[in-house]
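K.L.:
Here it is: the structure, laid out below.
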Amino acid sequence: MACRHRGDSGRPLSWLSASWRSLLLFFPLVTSVNSIGVNQLVNTAFPGIVTCHENRMVVEFPRILGTKIQYTSVVDPLGLEMMNCTYVLDPENLTLKAPYEACTKRVRGHHQMTIRLIDDNAALRQEALMYHISCPVMGAEGPDQHSGSTICMKDFMSFTFNFFPGMADENVKREDSKQRMGWSLVVGDGERARTLTFQEAMTQGYNFLIENQKMNIQVSFHATGVTRYSQGNSHLYMVPLKLKHVSHGQSLILASQLICVADPVTCNATHVTLAIPEFPGKLKSVNLGSGNIAVSQLHKHGIEMETTNGLRLHFNQTLLKTNVSEKCLPHQLYLSSLKLTFHSQLEAVSMVIYPECLCESTVSLVSEELCTQDGFMDVKVHSHQTKPALNLDTLRVGDSSCQPTFKAPAQGLVQFRIPLNGCGTRHKFKNDKVIYENEIHALWADPPSAVSRDSEFRMTVRCSYSSSNMLINTNVESLPSPEASVKPGPLTLTLQTYPDNAYLQPYGDKEYPVVKYLRQPIYLEVRILNRTDPNIKLVLDDCWATSTEDPASLPQWNVVMDGCEYNLDNHRTTFHPVGSSVTYPNHHQRFDVKTFAFVSGAQGVSQLVYFHCSVFICNQLSPTFSLCSVTCHGPSRSRRATGTTEEEKMIVSLPGPILLLSDGSSLRDAVNSKGSRTNGYVAFKTMVAMVASAGIVATLGLISYLHKKRIMMLNH
């Protein structure tokens, strides 16, 4: 391909980064004569195609002008060559690409460029043609800062093309299809491209609106030609569009690359996260309404970016606004708009979304009267209980498929009879009460606007029994208990951590890593799971922490030794009595660990910590039971003698790590305000650094261990 550049060759080609979002439009004017003495060749219309982008135009010459293209140049209206104009002429492909800046003049809301073609076959090259070609100025007629961007709605994406006066003529606006035979829509790209008439397009997911010199195209996410990129629960939709019109030998093309993410954001106590799957594009900038923020500046503006397995943007909640809503208590968090600009296929493409955090539970029914004597919660739900009203057909209990026991659609009423031991009902003990809790959720009868993500209503139902309740003293006749199996099966142990010393509800496996700060105790419990024998007892041997999942990895921090508290840096491990709140107290061991125990010398906190314990199971009826007893008399204590072998000792580990942060962390207050369970974002943010740190620490520990072993061998 032969190329010719005009103007300052050091000037950057701004058209290379222009957006496909622009209107592609052809606007011909009559030709004029270059200078005195040059033969006039007057043409009423430029016979090629002009494509208008946001920052540049592309001129495609017809084959009949192929002999003249070698001597084509960009000139001003007087015929003088524009020396500052940097354009690229490609004689092989018969194209000319020129940026608006320095190559056009601004005339009544459009960019006007003049090109001159000289016939090299003419004597002394005295015959010339001049064409004035125009492109509309994108967004020039309105204050809309999102002009040239895809607008993402709940079920579709849209893009608006601008006209300049005179283009949206009556033939375009008429509904008569015969008047629009010159228009067609090309969807997709390359071999997958399909050409559709307007009527065909409107039956395949497209809609067209023309008003006030603008054309808006709405595209369903399932429309013909739309490509979907998926990763986990995130989805991105893309489709290249070309709106073509041919009339009187002139060609008009409106082209755009639409891009949209339609999934709701996820919110926690500190951040709002937007997930975008991998696709052929790279993030260029973010705009929250006050100007573009380059990727290199995101951290300074409270935005964190992850690029592993797609793209994740974490927005600090200080960037969000609050909205008082009838459906959200006390308020709803949202961003008024979020514009993301990507580099894709040598162009800049943008999309605008409107992120909102889903509402928290708006209604909580708490009454001891809900609990029945036969072990159920009876709950009535009315459609008018909220504004907007509920769609009672969508009511569900927890994560189960439990259905209402009574429906009265005319009265807008349903009734649930929720079993205390089914339908996902949870329970916990508090003082002398046992508390049962479940959740009913439904969709609104009148869904929110297309932009809103707030489509679900949640209601908590809770009841409790106290020691004075008659249910506790009721005698229930039942069949005789089956005889115990001779082989009880393998014994199962678990090591769990709790939010506080009440030991009511442990952290779930999906909540790891659990975030803790210096001076915060870590409440741990070792427990036997599948035994009901009151005569067996769980006895701790040693407990320790490591920086990896392997219990044998180095370095190690001891927290319990020989069943006794381990004093390290004046922060002693503390044991907690189990009490009578559990059925078999001897099947539990509870203690807490101070996070200062993991600060080593001048080093900082070992941020990811894994806990492990070795235990014995002793039979209190056995003559050797005294061998499993624990006697702690301070530093002079000796190791406990046991009658068991190492094979009978069992090791149990936490299901996940503890993430330790320093006191100065800016996330501490936000995490504490929501409880210790808000761990996901903070943990993920430091995970990459932790993997590297853990590897270094483990390697150094192994080298130290091998060095000591070698010295011992030499001494022997």
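Cβ atoms are placed via backbone N, Cα and C, with glycine included.
Under the heading disulfide bond, Swiss-Prot lists CYS52-CYS135, CYS85-CYS103, CYS371-CYS463, CYS402-CYS423, CYS543-CYS613, CYS564-CYS632, CYS618-CYS628, citing similarity to another entry as support. The domain 'ZP' feature in Swiss-Prot is assigned to 370-635; the stated evidence is sequence analysis. According to Swiss-Prot, the N-linked glycosylation site annotation covers ASN93, ASN316, ASN323, ASN530. Residues or ranges marked as O-linked glycosylation site in Swiss-Prot (evidence: similarity to another entry): THR460. Sequence annotations record features per position, and here Swiss-Prot assigns region 'Disordered' to 467-489 based on similarity to another entry. Annotation source Swiss-Prot lists signal peptide at 1-35, citing similarity to another entry. Taken from Swiss-Prot, the feature topological domain 'Extracellular' applies to 36-686. Annotation comment: Swiss-Prot describes 707-716 as topological domain 'Cytoplasmic'. What Swiss-Prot lists as transmembrane segment is 687-706.
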K.L.:
Which of the three DSSP states, helix, strand or coil, fits ASN530 (N-linked glycosylation site)?
P.N.:
coil
K.L.:
I need the CA-to-CA distance for THR460 (O-linked glycosylation site) versus CYS423 (disulfide bond), whole Å please.
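P.N.:
Cα of THR460 (O-linked glycosylation site) to Cα of CYS423 (disulfide bond) measures 14 Å after rounding.
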K.L.:
When DSSP is mapped onto helix/strand/coil, what comes out for CYS628 (disulfide bond)?
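P.N.:
In the DSSP reduction, CYS628 (disulfide bond) maps to helix.
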K.L.:
Tell me, how many other CB atoms lie within 10 A of the CB of CYS564 (disulfide bond), whichever protein chain they belong to?
P.N.:
19
K.L.:
Quick one: give me the count of other CB atoms within 10 A of the CB of CYS402 (disulfide bond).
P.N.:
20
K.L.:
Between CYS135 (disulfide bond) and CYS613 (disulfide bond), find the distance joining the two CA atoms and give it rounded to the nearest Å.
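P.N.:
So the Cα of CYS613 (disulfide bond) lies 74 Å away from that of CYS135 (disulfide bond).
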K.L.:
Pick out which of the disulfide-bonded residues CYS52, CYS103, CYS135, CYS463, CYS543 has the most other Cβ atoms within 10 Å of its own Cβ.
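P.N.:
Going through CYS52, CYS103, CYS135, CYS463, CYS543 one by one, the largest Cβ count within 10 Å is at CYS52.
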K.L.:
Within 10 Å of its Cβ, which one of these disulfide-bonded residues (CYS85, CYS632) has the largest number of other Cβ atoms?
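P.N.:
The residue with the densest Cβ neighbourhood is CYS85.
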K.L.:
Of the recorded positions listed here (CYS85, CYS103, ASN323, CYS543, CYS564), which is spatially closest to CYS463 (disulfide bond) when Cα positions are compared?
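P.N.:
Sorting the recorded positions by distance from CYS463 (disulfide bond), the top entry is ASN323.
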K.L.:
Return only the integer: C-alpha distance in Å from ASN316 (N-linked glycosylation site) to CYS618 (disulfide bond).
P.N.:
52
K.L.:
What's the CA to CA span in angstrom from CYS402 (disulfide bond) over to ASN93 (N-linked glycosylation site)?
P.N.:
67
